[in-house]
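Beneath this line is the structure, given in structure tokens, with notes to follow.
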């Protein structure tokens, strides 16, 4: 337990698992305290607000577009969630750069045709795995704090992108990838949303029902007891970092399909938004707490908020992007205050 | 100088990374923490390489230019270190720097007579931003990483409101003073750097300095020892914000114009510098001295990559790899300097 007492991020001492809610707590109260329920309702509220401001927002087409945009953040945040749950100050700030890397490698090998799509996807994801392995080695072997290690990797990855492209990314997305993201495939829902749904089910199963998931939570909650219970903590964390980069790569590919062309700051915005999505969804940065459903809802919430601010025409005009940024930050603080708070010092 | 044994006692605080008075240099060198030695070694190596690659490195002009680049980076690193020592982290520090410099440059508008007002407004802006961060982190008890990410969005937006495009004119008095060289050889930025370090030493001696280490080391123990934990946290953010505003002014004095878009880069650089300088990211151990040297090392590496004739497109990559290597080295030494433990807890030793 001492391990937890002095974590700065959390400052909060104590139980890695959230204190088990007393059995007597009424269901309504328990729901009202559940991060997933809270962020879900906030997302719905924002969406209703957006629909009131601009009625077209409620149309099916708009809804699908919104979810498509949310899916990129959602997929990238999968890996982020895994890394954060694995604990030990786990965080992966390199996801944005990794997503860009994946998109850039893939677009060069696709070059706008379907022929090389398999090679392109494999190469792109392979490059992302390398990033993940380097992150994991830095964190586990050299004991660099994950925040710093992944921060440093941003410099390395963007540097590599610069070296690889000479500053001018080439190629474009394969038509097949475009159809997946933008095309209308099954039951009026683009393939990318089915893919997101599939990945979500997979990840939730992985976290809740598979031995890997149990070990991940065990390591995140208390690495010492996990170790003493025979969990190979290094392997679990190693996989978490590699998976994080892998999912960031998948997110980058989807982004490529959406924007069709690449640019070097494609994934930058996803770096901290993926962390915010996970935290809004109830995943605690101390590790061992949380899950993917919350993160997915967090991703939707952030996307709805962004679109709401856009359709309200805040931003644009003489003030540029600034007011939207400010409101975005303020709302984020308010949402976090709803439940993302740490324990009091006085117990 | 105590070794950073993973003690839980809050009064393990007095472990300044910077060497004490001259009389104690030998003793402190003998008992210096490994990260201190590591960053000293890095400094010597990068300095030697710089001298080899730039034969006129120690000429007054070149020295003045170097220190003008060091000062802003080092000041931001110092600001971040104060916050990290107290157990927090500030991802918004870069945007505080840009907001403060934007406010200053807009107010001074190239006019010497407005300089004092503009500087005061800049510093007040920094302190106010720090206060907001401190209240959000200590008052609302949000996790510092996400909370300061959210506030960075706010501050960045404000900076864009104040100064929509890079530009503005710093007052000539400011830029001229900054470029001056005292006694033929000592550039003003070097003097300011020294002043910053001395100010830190003063703070370190003060009760607040002790509290800072106590809270960062173990907030609960500090609380039970009647340390005003929340106030110390708020104060650490306010102090950090104010120092960050100083960095904004230094940036302004160096470049002569404001730029509202630098934020993120500066934040990342400040964290890298303090880690290389041997400050533990979990708080309670390290010091501003190390961070200053770390920032100098980072700047030197950047110019080294330039002077070593690395092709333009490869520069960023090489720079990134060197930084990762430096960070890994620092991490390795920090981990090794603890008491020997089974491999799986050794990484955790720092948390106590």
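Using N, Cα and C of the backbone, Cβ positions are placed for all residues, glycine too.
As given in TrEMBL:
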REGION    A:1-21  region 'Disordered'
TRANSMEM  A:36-54  transmembrane segment
TRANSMEM  A:66-87  transmembrane segment
TRANSMEM  A:93-111  transmembrane segment
TRANSMEM  A:118-141  transmembrane segment
TRANSMEM  A:147-165  transmembrane segment
TRANSMEM  A:186-207  transmembrane segment
TRANSMEM  A:238-258  transmembrane segment
TRANSMEM  A:270-302  transmembrane segment
TRANSMEM  A:322-340  transmembrane segment
Whether the transmembrane segment (A:93-111) meets the transmembrane segment (A:322-340): three or more C-beta pairs under 8 angstroms: no
Interface-richest range of A:36-54, A:66-87, A:186-207, A:238-258, A:270-302 toward the transmembrane segment (A:118-141), CB pairs under 8 Å: A:238-258
Recorded stretch that, among A:147-165, A:238-258, A:322-340, has the most CB pairs under 8 Å to the transmembrane segment (A:270-302): A:322-340
Contact between the transmembrane segment (A:36-54) and the transmembrane segment (A:322-340) (3 or more Cβ pairs under 8 Å, separation 6+): yes
Ranked first among A:147-165, A:186-207, A:322-340 for CB pairs under 8 angstroms with the transmembrane segment (A:66-87): A:186-207
